[in-house]
Amino acid sequence: MLALHQTQRDVPCSEVHDALGLQGARSIYFGRPTGRSILSDPIRPRPMPTVTVIIYSDIRFLLEFPSVFLCAYVLPVQRTVIMANEKRGGYRQINQALNICAWEGYLNEQHARLPTLEDVEQISPRVLRVLGQNEGKVRRADGYYTCSSRLIEGPQFTLQGTNTYIVGTGRHRLLIDTGQGIPEWASLISSTLAGSSIELSHVLLTHWHGDHTGGVPDLLRMYPDLSDSIYKHTPGKGQKPISDGQTFRVEGATVRAVHTPGHSHDHMCFILEEENAMFTGDNVLGHGSSAVEVLSTWMSSLRMMQSLRCAVGYPAHGAVIRDLPSKLDLELTQKARREDRVVETLKQMKTETQRNGARGKGSVTVQQLVTAMHGHDLDEQVRTMALEPFVDEVLRKLAQDDRVAFEVRGGQKKWFAIEYT
């Protein structure tokens, strides 16, 4: 994998326009911090037609994890985007291709700033939200936004921070997710529980990523009686398993677990039966779209989530999703549109090949397909680190759906659209 340049440089936005959905974008920046990082500088709002993407890469990280490209965090400064490659905290994310999908959803919302969420808020009669204090941005006194020191240390894609939820109405309640292990979160949980005379009976973890499980040690330090009450789909040491359909009950709340892999293999959502609401974890966020491990698996999980017909979503990041069915429809529609474009491009390339007198399936490599979709003048890093992995993942999903296939010719894997007559 090529290391990113040490200094900023302009890249024509046409190279990533279609993949990222950057309507009217003008410039993309690549770089890695050296000396005085511009992350410490104010990020000043730019005219609305401008989109700036700043990608940071630590060469030591790339050498250690050459196939890993961490997901983006998008700062809500009109249409400015910050990305940071970072090994610690949050999660070591995952699939360099599907982060492109995540960018698109966020960028579509950059005309508005993210809403402010209270540190502790009663968002329904049965649900109390406590922010994990691992926000991905900090608003400076001068009104400009810059990256939180916590962002540089770990969490990406955390938006206003990880949402942790205290669920129930009685003395004994359950907790969903534990944040990233930020001391301020532990203090908030302690004061909130003590102030309302609440005791925790169960701790349910949506998945293994560190911005959801990092607070477990603090909980056990403060409440050692919880040592037998930590639940996760694929349990770690000292944890108990959660099975699909398993039900947890406390006064005022019946919570049913639903296995929804995609964002991660062990991802669980939880349905709050009394409210017809779903704790969506990282599969569906309050703002934008989530990065995922396996596109086909994630889309299947979203369709399954649709079938459950929950009205409201309580996401692991971002504001309450007041119309969960519409949000799920939007997520699936956006991904389907990208699949259709790949298939249509393959068909067009076959037609052009046959028009030139060639025979066969008109199969092409991923590199050729990317060129056909995005032009010849692509920056090499944009091609190899973003567009090609993205298109390759979409092709794998389409192959599972029997819409494309590949053949090996000249030692190269070449893809073609399956046309049914």
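Even glycines carry a Cβ here, placed using N, Cα and C.
Non-local neighbourhood of H207 (Zn(2+) 1 binding site): K232, H233, H263, S264, D266, H267, M268, G281, D282, each in the same chain, at least six residues away, with C-beta under 8 Å from its C-beta. What Swiss-Prot records for H207, H209 is Zn(2+) 1 binding site.
Per Swiss-Prot, the feature Zn(2+) 2 binding site maps to D211, H212; the stated evidence is similarity to another entry. D211 (Zn(2+) 2 binding site) falls within a helix when secondary structure is assigned with DSSP.
The active site, proton donor/acceptor annotation in Swiss-Prot covers D211, and the record cites sequence analysis as its basis. Take the CB of D211 (Zn(2+) 2 binding site) and look out to 10 A: across all protein chains shown you find 29 other CB atoms.
H212 (Zn(2+) 2 binding site): 29 other CB atoms within 10 A of its CB, across all protein chains.
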